[in-house]
Amino acid sequence: MSVAEIFERVDKNKDGKISWDEFAEAIRAFSPSITSEEIDNMFREIDVDGDNQIDVAEYASCLMLGGEGNKEDEDIVMKEAFDLYDIDGDGKISASEIHVVLKRLGEKQTIAECIAMVRAVDADGDGFVSFEEFKTMMSCNNKKLQ
């Protein structure tokens, strides 16, 4: 099952984000005796931007952090997350693709803000986020969590 498929199963109301209640329901399915406090701690750790919802990028980052997986597993999860943003499948993410995905997730970033996001990680200056640049960006996010 892919990252996107798992995310969609947990996202019961299909709004593109996982609420605390959706998260708690999924966690309790695997660990019925877990306390609400433990769920809160896990949720806060995954919810990097602090908006009280887990988006697909935060979820993918969590999977990479939490597992005992190897580099190959990490690359597979990373590629699936990248593909969610690479709408046209051309192997690179544009500012407009980021804008579309974020809009679907209920975010309100402007196209100008999305262009700034791309520029922040665009190491080769081509105006797009390559898979390698995406991996670097996600690795930086993971280090902030640890």
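Along the chain as shown, the residues are counted starting at 1.
The backbone N, Cα and C atoms fix where each Cβ goes, and this holds for glycine too.
Among the features that Swiss-Prot reports, Ca(2+) 2 binding site is placed at ASP47, ASP49, ASP51, GLN53, GLU58, with the record citing sequence analysis. Around GLU58 (Ca(2+) 2 binding site), taking its Cβ as the centre, 19 other Cβ atoms fall within 10 Å, counting all chains. GLU58 (Ca(2+) 2 binding site) carries a helical DSSP state (H, G or I).
Shown in sequence order, the list is empty: the chain has no residue 6+ apart in sequence with a C-beta less than 8 angstroms from the C-beta of ASP90 (Ca(2+) 3 binding site). What Swiss-Prot lists as Ca(2+) 3 binding site is ASP86, ASP88, ASP90, LYS92, GLU97, and the listing cites sequence analysis.
The Ca(2+) 4 binding site annotation in Swiss-Prot covers ASP122, ASP124, ASP126, GLU133 and is backed by sequence analysis. In the shown protein chains, 19 other C-beta atoms lie within 10 A of the C-beta of ASP122 (Ca(2+) 4 binding site).
Residues or ranges marked as domain 'EF-hand 1' by Swiss-Prot: 1-33. Residues of the same chain lying 6 or more positions beyond the ends of the domain 'EF-hand 1' (1-33) and with a Cβ under 8 Å from any Cβ of it are 39-40, 42-43, 46, 52-56, 59-60, 63, 77, 80-81, 84, 104-106.
For 34-69, the entry in Swiss-Prot reads domain 'EF-hand 2', with the evidence type sequence analysis.
Among the features that Swiss-Prot reports, domain 'EF-hand 3' is placed at 73-108, with the record citing sequence analysis.
The feature domain 'EF-hand 4' is assigned by Swiss-Prot to 109-144, with sequence analysis given as support. The residues of the domain 'EF-hand 4' (109-144), classed with DSSP into helix (H, G, I), strand (E, B) and coil, number 25 helix, 2 strand, 9 coil.
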Inset, instruction - Pull the DSSP breakdown for the domain 'EF-hand 3' (73-108) and write it out as helix, strand, coil residue counts. - result: 23 helix, 2 strand, 11 coil
Legend entry - Sorted by sequence, non-ASP86, ASP88, ASP90, LYS92, GLU97 residues with Cβ within 8 Å of centre, Ca(2+) 3: TYR85, ILE87, GLY89, GLY91, ILE93, SER94, PHE128
